[in-house]
Amino acid sequence: MKAFFVAGTGTDLGKTHVGCALLEAARARGLSADAFKPVVSGFDPEAPETSDPARLAAALGRPNAWSEVSPRRYRAPLAPNLAARLEGDVLRMDDLVGDCRAWLAGRNVDLALVEGAGGVMSPMTDDATNLDLMSALALPVLLVAGSYLGTASHLLTALEVVRARRLTVATIVVSESLDAPDLDQTVEMLRAFERQAPIVVAPRKGWDASELANVLLS
Ligand SMILES: Nc1ncnc2c1ncn2[C@@H]1O[C@H](COP(=O)(O)OP(=O)(O)OP(=O)(O)O)[C@@H](O)[C@H]1O
Ligand SMILES: C[C@H](N)[C@H](N)CCCCCC(=O)O
Ligand SMILES: [Mg+2]
């Protein structure tokens, strides 16, 4: 089994988009796959279909499996700890780590993805961030960045802190943002500063994850 933690340099940049495309590409080449998002905020129980867990479940070919993909679901579109508090819950990192470790131990698939919530240093609990969860799991990281003006600092900062925890960045995906500068020019700039991990580019139109699957799965 190949397992990756799908992290972002921020929120709303393409973690789920890229994760779903990778799951579909893996399945298209006959591989088995599964996905887990330990906590989701901004989840509308009356309209689950647009949520991260529903999108991941659909990419797995199991559209009704969203509650298994994300067992902890909160309504408010806020950091998970804040969204949970509004519903009377207190999230604890030990519990989130335990959920992920149990889920990983129970997987018998070729590809397993764990998606965080927000960006690398986004809080997941009142005293711990995505990075703390990533450190505990020690999975290779699939790091998703946008292509907006400012992404270079966000990406290079994320790379610094992830590597400072001795985590491996398996691949970086630059997922094209809306209203962003020229994509090729942005990626060329990023490649001048990041020489270790491969950088895969995900344009908004006509992208499938076959190149990403080749990099990660072959
Ligand atoms: N390369 C892309 N092409 C087309 N749409 C994209 C691309 N990247 C992101 N999007 C769109 O941008 C929106 C945000 O992406 P996504 O939901 O994957 O973000 P996220 O990083 O998973 O956010 P969160 O932190 O909430 O989990 C979605 O509507 C997604 O479809
Ligand atoms: C609701 C949103 N789409 C994400 N799921 C949560 C983003 C939390 C961001 C916290 C922060 O970094 O300020
Ligand atoms: Mg997401």
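Every residue, even glycine, has its Cβ placed from backbone N, Cα and C.
TrEMBL labels come from automatic prediction, so no person has curated them.
If you look up TrEMBL, you'll see D12, L13, G14, K15, T16, H17, D52, E115, G116, A117, G118, S175, E176 marked as ATP binding site. All protein chains shown were included, and the count of other CB atoms within 10 Å of the CB of D52 (ATP binding site) stands at 25.
Positions annotated as Mg(2+) binding site by TrEMBL: T16, D52, E115. Sequence-distant neighbours of T16 (ATP binding site) (same chain, six or more apart, CB under 8 Å from its CB) are D52, R55, L56, E115, listed in sequence order.
Cβ neighbours of K37 (active site) (same chain, under 8 Å, six or more residues apart in sequence): D52, P53, L56, V69, S70, V114, E115, G116, A117. If you look up TrEMBL, you'll see K37 marked as active site.
Taken from TrEMBL, the feature substrate binding site applies to S41. Under the three-state DSSP scheme, S41 (substrate binding site) falls in the coil class. Packing around S41 (substrate binding site) is summarised by its Cβ count: 25 other Cβ atoms lie within 10 angstroms of its Cβ, all protein chains included.
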G116 (ATP binding site), Cβ-centred 10 Å count of other Cβ atoms over all protein chains shown, is 26
Just to be sure I understand the contacts, which binding-site residues have a Cβ under 6 angstroms from any atom of ligand 1? Candidates are G14, T16, D52, G116.
G14, T16, D52
Of G14, T16, K37, D52, E115, E176, the recorded positions whose C-beta sits under 6 angstroms from any atom of ligand 2 are none
Those binding-site residues among T16, S41, D52, G116 lining ligand 3, judged by a Cβ under 6 Å from any of its atoms, are T16, D52
Name, in the order they occur in the sequence, the residues of the same chain whose CB lies under 8 A from the CB of G14 (ATP binding site) and which sit 6 or more residues away.
G8, V144, G146, V173, S175, A202
